[in-house]
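Everything on this sheet refers to the single structure shown next.
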Amino acid sequence: MRFAWTALLGSLQLCALVRCAPPAASHRQPPREQAAAPGAWRQKIQWENNGQVFSLLSLGSQYQPQRRRDPGATAPGAANATAPQMRTPILLLRNNRTAAARVRTAGPSAAAAGRPRPAARHWFQAGYSTSGAHDAGTSRADNQTAPGEVPTLSNLRPPNRVEVDGMVGDDPYNPYKYTDDNPYYNYYDTYERPRPGSRYRPGYGTGYFQYGLPDLVPDPYYIQASTYVQKMAMYNLRCAAEENCLASSAYRXDVRDYDHRVLLRFPQRVKNQGTSDFLPSRPRYSWEWHSCHQHYHSMDEFSHYDLLDASTQRRVAEGHKASFCLEDTSCDYGYHRRFACTAHTQGLSPGCYDTYNADIDCQWIDITDVKPGNYILKVSVNPSYLVPESDYSNNVVRCEIRYTGHHAYASGCTISPY
């Protein structure tokens, strides 16, 4: 009985090994091709989809942008015949049913069609060789870059593009940035409430994703071109009176709504020509809401206006502090607006202007009590130096004003260090 079981098991094992095994070709994948000779197609990747087997064949894929033809490549002579031959990169995606027949015919023809190209840096190198002799056993080494040769993207990037390792679309000198429709720009709250021991400085967040400092410069020609005198009734100056934009005589008890004030109006345009955003000196949670003008004031004193006597340099009109809503009104070509007059995005980007026309509230000096004569209009931006700048010597504009009692003429507006 024991002999019978042994004989039965032996026959089953022999059947499993010899007779009962199905043809190996029915379950085995198509054999891989042997190592290709130099210049032939090589199988890189093989996969199956919907019952069909696909192969990725290549002589060595690489990307080469269009460049000038090398004059020595087509020059006749023995030297050209012995020059290193670079195989032309071709990348094919074919069905494996017809790939076997085409590989045998396409290999020699593609190798013969290879043309020498000038040596250059390449973005992607796979199976690339600068020599005509290529060992079949080094197909894996072809996919690696030599230690001394570092692939670069220099021939793919737009010219003069600046690398940015900060927040998305943040480089002010990058004309290819996209910030208009980018919801993640300035995603981090740089105006969070400072914690004890924090190293925040005035202008919260300027050192977080920017390099350098801002530099505000007022436009003297903009002021000189649009300075004029206007008379307005007190009932039209209620919001201005609320923000202390008038002389002290306007707040007397005997002043009526139909009394007029004489205003020296002028515009202002401030440019940030630095390398960092000019951000408000106050954190966002302390911004003040002004119901008359329906916006937040993020700085107590962004500008200061004074009227000085031309001979004595004494103040003849009561200047006032102008606290504005900072925003990018316009920008130079290649720059984009990134700040607006809202509750959380106030500031001034590099290469952009914050413009205040002469017809808006508080863009004036109340000269109701000033006599006709020659004066100096002094306009200062960031007068208290609350926000760090790279240069404070260009923050003041001085203009010569000739006031006749009904008209004012501005001339000689220049940047001044004081």
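Cβ from N, Cα, C; glycine included.
What you see is a predicted model, and the numbers here were worked out from it, not measured in a lab.
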Handout entry: Position flagged as 2',4',5'-topaquinone [Swiss-Prot], chosen from Tyr208, Tyr305, Tyr356, Tyr375
Key = Tyr356
Handout entry: Largest tally of Cβ atoms lying within 10 Å of a Cβ, found at which of the binding-site residues His293, His295, His297
Key = His297
Exercise for the section: Report, in whole Å, the straight Cα-to-Cα distance of Cys331 (disulfide bond) from Cys245 (disulfide bond). Expected result: 29
Exercise for the section: For Cys239 (disulfide bond), identify the closest of the binding-site residues His293, His295, His297, judging by Cα separation. Expected result: His293
Problem - Between Cys413 (disulfide bond) and His295 (Cu cation binding site), the C-alpha gap once rounded to whole angstrom - result: 31
Completion exercise
Spatial neighbours of His295 (Cu cation binding site) among the recorded positions Cys325, Cys331, Cys341, Tyr356, Cys399, using Cα within 10 Å, are Cys325, Cys341
